[in-house]
Amino acid sequence: MPIIRVALNVPVDTLFDYQAEDASQHDIGLRACVPFGKKQVTGIILAVSDETQIPVEKLKSAYCIFREIKPLPAALLDLFHFCSQYYHHPLGMVIMNGLPVKLRNNKPVSLKRKPHQYQYSLTSAGKNVELTQIPARNRVARRLLNEFQQAVTLTNPQIKHISPRAEKLLQDWIQLGWITSELCSASTAARVAKTPVLTAEQEIAVNAITAGGKQFNTWLLHGVTGSGKTEVYLRIIESVLAQGRQALVLIPEISLTPQLEGVFRGRFSNVPLVSLHSGLNDTERLTGWLQAESGEAKIILGTRLAVFTPLSDLGVIIVDEEQDSSFKQQDGLRYSARDLAIFRARQNAIPVILGSATPSLESYYNALTNRYRHIRLLSRAVQNATLPLIQCIDTRIHKNQEGLSDPLIQALNQCLQEKHQSLIFINRRGYAPVLLCKSCGWTAPCQRCSSRLVVHLRDKKLRCHHCGHQEQFPRACPQCGNQDIAPFGQGTQRVEETLTAHFPAARILRIDRDSTRRKHAWQEILHAVHTHQVDILIGTQLLSKGHDFPNLSLVGILNADGALYSTDFRASERLFAQLMQVAGRAGRANVAGHVLIQTEFPDHPLYQALQRHDYDALAQTLLAERKIAGFPPYVYQALLRAEAHHIKTVLDFLAQAAQLARPPQAVELFDPVPAHMSRLKGLERAHLLVQSSSRKHLHTFLTGWYAKITTLPSQKVRWVLDVDPLEF
Ligand code: ADP
Ligand code: ZN
Ligand code: ZN
């Protein structure tokens, strides 16, 4: 009887054999439901054979093989294999991590046939309707009409995207004779939104990449903020679509999706696009995944997990904001979607484009050493838009009142008078307000993590931003009984209060995790900003990414200094990237931009380089430092991370693991140390660093070492290898 060899979602790097009478070689890549211990689980068939090492009496039979969808394509299985080998993570777990939840269940998936897609446009009667005829309180109707007036045609998903209620309105409007519909033809790449003439720099970039043709190349598209990298992506995608192939676009954050999705849908309105982000439910994700797999979806836009989407005819991969740390998964399988994207591009012999204004030092170094091809965009795309003027406010001279210095208040005032928008950016690291007892210095700690609880003034709660634990404000200091305990440090809410006091008439909008949690919250915020219903925006890193705010002229940056003297060797690189990005929000269209950084260290090389917009100067300085110190990109690193309830258990485990290691000369093994966040969610954490200037030596060593570590007794310890770690 045939034996199927199945990869299961269990922390053991082996395949499991089962009898399956109806199995054949064609079933490789299909899902099988099998008994595992006392449970019933679903895995992927990776081999079908006549033989097995398992004694017959122990061999179990599979319950069933699911055949309702096609097997996973071989190329996707190759990607999973590579991922498992490179990150030293069990193959079954890698595969299951990469599949939609619906495919991990012990059930066949049921597929509803998709209704035909229609596209809708205004009739001449519809064109006569004015926005003002619709009552202002009818917001969805106003938006729908507005979208029709701008986009000319809309499809069902676009309409649904505006609001679920828009679909109902659409039917009413069809009845009223305002709207006509016609069936979409899926293949034509009709360009609807206005296409700008490329700038000279953009044209060089597009030509170079398209001339590179259908072969593997990693392109570093290194363009200052506002240089029009998106337009370069659009042109490349257009040529890929013209060949009937698919484009995979990876982006860092969910908050970026609506805007970019809008741009793509506007430009390629008839091209089927799926957007795979964490806001989807399981059915939506599966549907998108299947459309990508069948080749029906031509543009796939998604966050890091989308790198595992099966694509039948991939023509290009784009990784926007390639330096963003959210491309690296920070738990379980710690993969880098950017690095896997490069593997996929090589596998498919296609170009991959890494876009950034401030590339990671790894990518920059690869460009300098000609492993990547470097394309620069040095000027802004919009005519007359210049780079913003960046200046420091020395807070040793200009004292803060409630976190805001006089020059910044004055600048805000002027900006308000000129009816321009401004943005106050608060560097969140180390800046969240904590509850402090002024008499004994007590601050409210999280019981489960080595972190302080963050004050949430609005609902009078203390919350841990690592584990989510929350509690009430204490009435008095638990340590000394003092009743005068008050929030210390400027969170977004404190700054909002200070600004409201200074500018009572200004319309102030605070953006943070709390205010963006709701569905559609981002779209509403962006809409409010674009239609100038906001004068001053307050926000954290969420705001720094990729948004285009045409009327923004002033950016104030608070509390960036902390990162200058961090123990994390990547802190400067990150701070620079982040500040460049925030600064890039200012002065994009016809408004000149001005950036004011409050700092105690205005002479620091990082701020000096920032004021000159000189990425290269800073990057060279940092690279020189890294070379001397023996840090990436000059070495390759891996961490053995472990956690347990008691620190002794963790350190003992790491010490045992170190004993098992027989590193060759080229590989350096360090002593176990507690992690930066040494306590998280009630667990003690520590790690052990391994590094080598040779990636090959490092990985050969890791493979052997990994196998030995798995033999250690580790019931009480959770451990994982983190290859190319970003956090310590
Ligand atoms: P980046 O992503 O490089 O920061 P964007 O792609 O957001 O920059 O482009 C910045 C602005 O320039 C956008 O408003 C975009 O519409 C505009 N833009 C891009 N290319 C052109 C062009 N060739 N001509 C005119 N405007 C352009
Ligand atoms: Zn106290
Ligand atoms: Zn906590």
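Sequential numbering from 1, following the chain as shown.
Cβ coordinates come from backbone N, Cα and C, glycine included.
Summarising the annotation, TrEMBL assigns domain 'Helicase ATP-binding' to 210-377.
For the recorded site, C440 (Zn(2+) 1 binding site), the DSSP three-state label reads coil. Per TrEMBL, Zn(2+) 1 binding site is recorded for C437, C440, C477, C480.
For C446, C449, C464, C467, the entry in TrEMBL reads Zn(2+) 2 binding site. A simple way to gauge crowding: the CB of C464 (Zn(2+) 2 binding site) has 21 other CB atoms within 10 angstroms, across all the protein chains here.
Sequence annotations record features per position, and here TrEMBL assigns domain 'Helicase C-terminal' to 472-629.
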Using Cα positions only, nearest of the binding-site residues to C477 (Zn(2+) 1 binding site) (C446, C449, C464, C467): C446
Separation of alpha carbons, C437 (Zn(2+) 1 binding site) and C467 (Zn(2+) 2 binding site) (Å): 23
Binding-site residues near ligand 2 among C446, C464, C477 (Cβ under 6 Å): C477
C446 (Zn(2+) 2 binding site) versus binding-site residues C437, C440, C480 - nearest by Cα: C437
Local confidence of the domain 'Helicase ATP-binding' (210-377) - pLDDT mean: 93
Binding-site residues close to ligand 3 - of C440, C449, C467, only those whose C-beta is under 6 Å away: C449, C467
Non-site residues, in chain order, whose CB comes within 8 A of the mean position of the CB atoms of C446, C449, C464, C467 at Zn(2+) 2: Q447, R448, S451, L453, H465, H466, G468, H469, L680, K681
Among C437, C446, C467, C477, C480, the one of these binding-site residues whose Cβ has the fewest neighbouring Cβ atoms within 10 Å: C480
Sparsest-packed of the listed binding-site residues (C440, C449) - C-beta count within 10 angstroms: C440
